[in-house]
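**Student:** Can you read through this structure? Questions will come right after.
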Amino acid sequence: MASNTLMSCGIPAVCPSFLSSTKSKFAAAMPVYVGATNFMSRFSMSADWMPGQPRPSYLDGSAPGDFGFDSLGLGEVPANLERYKESELIHCRWAMLAVPGIIVPEALGLGNWVKAQEWAAIPGGQATYLGQPVPWGTLPTILAIEFLAIAFVEHQRSMEKDSEKKKYPGGAFDPLGYSKDPAKFEELKVKEIKNGRLALLAIVGFCVQQSAYLGTGPLENLATHLADPWHNNIGDVIIPKGIFPN
């Protein structure tokens with residue numbers, strides 16, 4: 001009687017087995033709603049970046065930081081997708097180097113990144129490092145050396161056939177042996193891509209700030225904003241002065 005009452009309320013047939021005394025009956029009678037499985041399937045295929053949005057079939061979540069975001073369909077071609085993964089990771093690493101390279105000199109009072117050519121070299125073009133002359137050349141010479149060195153390294157990397165080794169070469173590039181623990185390595189891959197994307201956004205922010213306030217660095221912009229948040233903000237740039245005069 002109790003089971004009939006429960007079933008009339010929409011409770012599945014698991015309830016009678018739950019009321020019985022044997023665990024085997026409970027396990028055997030465990031039903032699964034077809035509708036529930038369909039719902040879970042739809043949920044699992046939902047893009048993580050926007051709940052309810054369908055996840056592209058080629059973004060299966062296996063790549064580090066894959067949240068199903070590809071609104072332009074750039075990764076539909078498998079070869080292109082691999083190339084984009086590699087390019088994103090390399091640009092993320094450059095951005096993570098650039099952000100502290102921009103912030104630290106300004107924080108030390110050496111100057112901002114926009115005016116680096118004014119404080120990173122003394123008259124005559126002699127390169128300096130932390131204010132001290134570099135004995136082996138001028139800025140153009142150092143830039144040429146860096147260009148050739150990076151070109152050589154990038155050429156060597158491009159010759160690698162294994163797509164994973166292109167992105168994670170290991171060996172001398174993993175002196176602390178982080179890749180030896182597979183589970184930890186996968187976790188670090190996700191952390192790297194997340195921090196890299198944040199650094200890419202920071203670089204965009206630095207460039208936008210500098211274009212709006214010429215010759216200023218990010219820390220100077222931050223200090224100006226904190227001094228008067230109501231007036232010194234993005235609205236001060238995009239909203240005409242005549243609408244909201246000071």
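Numbering starts at 1 and runs along the chain as it is shown here.
Backbone N, Cα and C atoms are what each Cβ position is placed from, and that goes for glycine too.
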**Student:** Considering the chlorophyll a 1 binding residues F69, R197 given in Swiss-Prot, which of E82, E86, E88 is annotated for that site as well?
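**Tutor:** Record check against Swiss-Prot: chlorophyll a 1 site with F69, R197, extra candidate from E82, E86, E88 is E88.
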**Student:** Whole-number Å distance between the CA of R93 (chlorophyll b 2 binding site) and the CA of E192 (chlorophyll a 3 binding site)?
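**Tutor:** Cα of R93 (chlorophyll b 2 binding site) to Cα of E192 (chlorophyll a 3 binding site) measures 8 Å after rounding.
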**Student:** Where does R157 (chlorophyll b 4 binding site) sit in the DSSP three-state scheme?
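**Tutor:** Note: R157 (chlorophyll b 4 binding site) is helical by DSSP.
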**Student:** Could you give the Cα-Cα distance between R197 (chlorophyll a 1 binding site) and H91 (chlorophyll a 2 binding site), in whole Å?
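**Tutor:** Taking the Cα atoms only, R197 (chlorophyll a 1 binding site) lies 9 Å from H91 (chlorophyll a 2 binding site).
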**Student:** In whole Å, how far is W49 (chlorophyll b 1 binding site) from F69 (chlorophyll a 1 binding site) when you measure between their Cα atoms?
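**Tutor:** Distance between the two Cα atoms comes out at 6 Å.
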